[in-house]
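K.L.:
OK, TrEMBL features for this one:
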DOMAIN    529-819  domain 'Glycosyl transferase CAP10'
TRANSMEM  125-151  transmembrane segment
TRANSMEM  157-175  transmembrane segment
TRANSMEM  196-215  transmembrane segment
TRANSMEM  245-262  transmembrane segment
TRANSMEM  274-293  transmembrane segment
TRANSMEM  300-320  transmembrane segment
Amino acid sequence: MRLLEADFAGPIAGYAGAALLCSMLTQWLSARESEIYSEILCWATLPVLVTYQKPPRPESILGPVASGESKIPTPPRSSMWMVAGSVAIFSFFKTEIDAIRLLPALSPLLLAYQKYLGSISKPPVGLLSPIASTIWGTALVASLDIFIFSAGNIQESLFSVIPTAALLIVYAILFPRNGPSSLIPSINVEYAIRSLSIRIIILLSLLLGIDAISFGLIKTGVTTTVVVGLLKALSWYFVIRVARVAPWSVAPLIGTFSIASTSNPSNKSSDLQAAAYLFVSVISLGQLVSLLPKQAKLRLTLWAFGLISLIPFLLNLWMIRATYHSAKIFGPQREHPVEALVRNGRITFENLLKRQSQSYKEAVEEYRRRYSVEPPPGFEAWYEFAVHHQSPIIDDFDAIHHAVSPIWRISGQRVLEIMNQIYFVPNSEMWFCNFYGRYATTRCIHPSRIYDRHLEYQFDSLLKNLKGVLPDVQFLFNHFDEPRILIPEWAGEDAHSNQQLNARNMSRQPIWDEITKFCAFKKKTNATQLFDLPFVVDRSSAIDLCEHPEYHNLHGLFISPVSFSLVEGLVPALSTGSLSTMGDILFPSPAYTELEFTYDDAREVDWDAKRNNLHWAGSTTGGFASDANWSSYHRQRFVKLAQNIERQQHYYLRNTGGMVQRIASSFLNGRLFDVAFTRIFQCEKRYCRDQKRYFKVGGWEDKDRAFRSRLVFDLDGNGISGRYYKLLASKSAPLKQTLLREWHDDRLVPWVHYIPVSQSLEELPELISHLTSTEAGQRHAREIAEQGRVWFFKALREADMAVYIYRLLLELARLQDPSRAAGSPAAG
């Protein structure tokens, strides 16, 4: 008896330590795309490592572990195929959902199965024995572990049911038992390893073949895949050795520890969540130690593995505190760049308000001064309408003029002809609309569609009180989210004699060269950078494509738009958003008045109760992924940065040698970013899967969850973002990244109503650090949130949209007046 204990219990701590180390390294190095490859290599290697030895006699340390004669019976084929199938299922799900969040549940389930078999022995005595050797104790710990791992993602936790069940079957079949009567015939893994490995490799190879047929061959790092495969084999080998004298429930404990200990504390949303993962690693380690026989030499030294979780946790806390301290280098004597930007923004906004006309006469004079033409017919009635509805903006409607004025170069009759011509172009995707002034109603038709995306409703609801006031107007409306109209180079002096139209479908292909081909003679200005970080100083310059050729591979719209039918010509078509080089006439998006994007004050959270972080959740709109270039799309770049997936270099402003300089660091405080994709689509199935594996994908999210954070992010999708107004109306400070112009650009002032973000995102880590970690930054964030909210309810009401549309229709009516000659607008 003593000899057996010495033989099997003596080195058990070493085997357990080796299993922990190999499992951790596997978890740390493994990649989902190479999971099946490394699993095949694992089971090809394992027979070489495992040498069958006679198992301990029934009198061994933890009670009977085998029965019958010394001769090992031939393992049942059905059991081996069940193990092989379960391993294949587990491996498949591991490639799809990464961490198996229900893994801790295996400990109480295996303990219950051991009790069912009647092979459970007297539990070891110790402080942690109740939570390691009792069903109720292990179940309690497992429930807590699962709650911590799931982090509210119920959907992904449910996906873990199948692989967890598969692994339970594996361990149950490998579990030794007393007698022949059991639910599933047992096999001795050491004796059957060769036959078992062959079956597993066959099934995994079939999975790999199906995967290759469905998604194509996957490129993986050969060296890493080989290393991970060998580590998996070693992990299995050492677990098998441990299971000779300890229950198989040690295996899920080792797996749970590896998941918790290798989880990056920097990516956790709070100190509490990071501490919870530390707790899981320590408690699972304690359970493991408690299950090992007391005779095992150096058993207690396994507690040293707890340092693997503790040290990164403490280091992360230190880095966060150091970052907070370093961010406070700015003060009264040394101004952060945001201070100057906010101050200049306020001056710009004050000037905007001061210069608005206070009478009809002033409005007419200002119109003449700005545009060198007379106002359109009906301008006085429009002015009275604007004043009656307390419009804070009377003169700044440059967006309308800049879109309409190029088309003055062709006659009104030709404008009508062009609209009819474009409508009948195959696949034009244009709605042809008639606004009937007498009834203030709009009717739109489309060659093939019925749903007009609430276009008629938008016009009818906003202009319902203007019956008999406006003239009849015809207009085209772009059905797509993306802009459509490119004003050609010949739209100059000879536009009237060169009135050709060019329409073509450029969906899912690069469009940069086409939409910037008229930039050749425009001189690029040197954008000002504060402390070598691209804080947005001049928004007009920041969105000017001609000034920024580097944008060509920074936005999904330029790389592979979902739908892009380019119309080149002097075409008066309305769109909800447009690029700087394009000529769409801007119109308030109907999405802003849809229920999904409407602000609900009852769901609001007061500033002091909001979390001090940045929130964004959404889908992978913005471009169609048909190749590996999806990682360059604007939404994917943002989420990649916020989740710190590749631990890229981030830039901060720090005091170096008494001077403020830009420094690079791979550290990103994950507590400050609550960012995730909630839906992966608009991609070929292979690249959809690649993105699901690459990003940490969140579950379904309440549409108003953003209100829980002080900072909320908004960026382009396929077109403009429909949630922008809801964020402006909230008590949170919106950060906005966009390249699209909208109707409201003349009235929203950066650094006053929202915080602009550059396309490169290089300044974002420093910006978020300043707005969350310094007194001045938090004050500015709160002020911008309040100012944006107040201004939204003054200048972005439905009444303000009506004022804009009213003026737009006056300009369109003049533009298409059949009596208007080419070259100039008609007299007012």
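Placed from the backbone N, Cα and C atoms, the Cβ positions cover glycine too.
From a predicted model like this one, the values you see are computed outputs, not experimental measurements.
Quick one: where do these features end up spatially?
P.N.:
Packing against the transmembrane segment (157-175) from elsewhere in the chain are residues 79, 82-83, 85-87, 89-90, 92-94, 96-97, 100-103, 105-106, 109-110, 113-114, 117, 119, 146, 149-150, 183-187, 189, 243, 247-249, 251-252: each is 6 or more residues past its ends and has a CB under 8 Å from a CB in it.
Note on the transmembrane segment (245-262): residues 8-9, 12, 16, 19-20, 23-24, 26-28, 56, 60-62, 65, 99-100, 103-104, 106-107, 110-111, 114, 138, 145, 149, 167, 171, 174-175, 235, 239, 277-278, 280-281, 284-285, 287-288, 291-293, 296, 305, 308-309 of its chain, located 6 or more positions outside it, place their CB under 8 angstroms from a CB of the stretch.
Remote same-chain residues near the transmembrane segment (274-293) are listed as 5, 9, 12-13, 16, 20, 61-62, 104, 107, 124, 126-129, 131-133, 138, 141, 144-145, 148-149, 242, 245-247, 249-250, 253-254, 256-257, 259-261, 263, 265, 268, 299-300, 302-303, 305-306, 308-310, 313, 316-317 (criterion: CB distance under 8 Å, separation of at least six residues from the stretch ends).
Below 8 angstroms of C-beta separation, residues 13, 16-17, 20-21, 24, 257, 260-261, 264-266, 271, 274-275, 277-278, 281-282, 285-286, 288-289, 292, 667, 669, 671 of the same chain, each at least six residues beyond the ends of the transmembrane segment (300-320), sit close to that stretch.
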K.L.:
Which residues of the chain, 6 or more past the ends of the transmembrane segment (125-151), have a CB below 8 A from one of its CBs?
P.N.:
99, 101-102, 104-108, 111-112, 115, 157, 249, 256, 259-260, 269, 273, 276-277, 279-280, 283-284, 286-291
